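**Q** Before I ask anything, here is the structure I am working with.
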Amino acid sequence: MSEPIRQKGFVIHPGFLDRAAQVKLVARLREVLAIAPLFTPRTRRGPMSVRMSAAGKYGWISDTRGYRYDTQHPDGMTWPAIPDEVTAIWEAVSDCPRAPECCLVNWYGEGARMGLHRDEDEADLTCPVVSVSLGDEGLFRMGNVERGGRTKSIWLKSGDVVVMGGAARLAHHGVDRIRFGSSTLLPNSGRINLTLRVVT
Ligand SMILES: O=C(O)CCC(=O)C(=O)O
Ligand SMILES: [Fe+2]
């Protein structure tokens, strides 16, 4: 693990998880996804390119009715518990006394991306959003609280952790593209991103 990088209020911990910790995490995520399979969120503009699932009390659902945090997977089951290894990351970097209530799982296949957006549907904005990258590299764009203005981009690698708190808590961010096949962590390539959030 190297020194944290601070950019536009975002705090990036390069190589926070070593390879063994990443492998362990992927095994735990397999258990999560066996209970709560990945689904394709739909918006009024069509399906998203990432597939999603979640662990914890809440997951994030998007369908033609709009988007919301929900205690149930689209197939009706409650979400599995957040793995202890994931909670440990939150405890190490979040500087937040509350426990995460949601661990969103985003899966990026070849060509998947996530447009610039703000994570603003959580009630307690004193808690950061903590993001964990696994698998292929992703080009993460960091913007501003308001729309527009200069942005900065960084390639997030497997094992990197990003804390979006303080001045960056409501900042725009997104993933422009991934380097499909750049990591050997996941057997069929792709990128997994976990975001830990306090929702209520
Ligand atoms: O995949 C990432 O690195 C960011 C994901 C994200 O911004 C989100 O899930 O809200
Ligand atoms: Fe986000």
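Cβ coordinates come from backbone N, Cα and C, glycine included.
In TrEMBL, annotation is done automatically, which means it is predicted and not curated.
As annotated in TrEMBL:
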type	residues	note
BINDING	Trp60, Tyr67, Arg68, Tyr69, Asp121, Arg147	substrate binding site
BINDING	Asn106, Trp107, Tyr108, Arg191, Ile192, Asn193, Leu194, Thr195, Leu196, Arg197	2-oxoglutarate binding site
BINDING	His117, Asp119, His173	Fe cation binding site
DOMAIN	99-200	domain 'Fe2OG dioxygenase'
**Q** Among the binding-site residues Arg68, Asn106, Asp119, Asp121, Arg147, Ile192, which have a Cβ atom lying under 6 Å from any atom of ligand 1?
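**A** So the answer is Asn106, Asp119.
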**Q** By Cβ count within 10 Å, point out the most packed of the binding-site residues listed: Arg68, His117, Arg147, His173.
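**A** Ranked by Cβ atoms within 10 Å, first place goes to His173.
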**Q** If we check Cα distances from Tyr67 (substrate binding site), which of the binding-site residues Tyr108, His117, His173 wins as closest?
**A** His117
**Q** Return only the integer: C-alpha distance in Å from Asn106 (2-oxoglutarate binding site) to Tyr69 (substrate binding site).
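**A** One finds 15 Å between the Cα atoms of these residues.
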**Q** Taking Tyr67, Tyr69, Tyr108 as the binding-site residues to compare, which has the smallest set of other Cβ atoms within 10 Å?
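**A** Counting other Cβ atoms within 10 Å of each of the binding-site residues Tyr67, Tyr69, Tyr108, the minimum falls on Tyr67.
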**Q** Which of the binding-site residues Trp60, Arg68, Tyr69, His117, Asp119 has its Cα closest in space to the Cα of Ile192 (2-oxoglutarate binding site)?
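**A** Of the binding-site residues Trp60, Arg68, Tyr69, His117, Asp119, Trp60 has its Cα closest to that of Ile192 (2-oxoglutarate binding site).
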**Q** For ligand 2, list the binding-site residues among Tyr69, Asp119, Asp121, Leu194, Leu196 whose CB atom is within a distance below 6 Å of it, in sequence order.
**A** Asp119
**Q** Tally the residues of the domain 'Fe2OG dioxygenase' (99-200) by DSSP class, grouping H, G and I as helix, E and B as strand, and everything else as coil.
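**A** Secondary-structure composition of the domain 'Fe2OG dioxygenase' (99-200): 3 helix, 45 strand, 54 coil.
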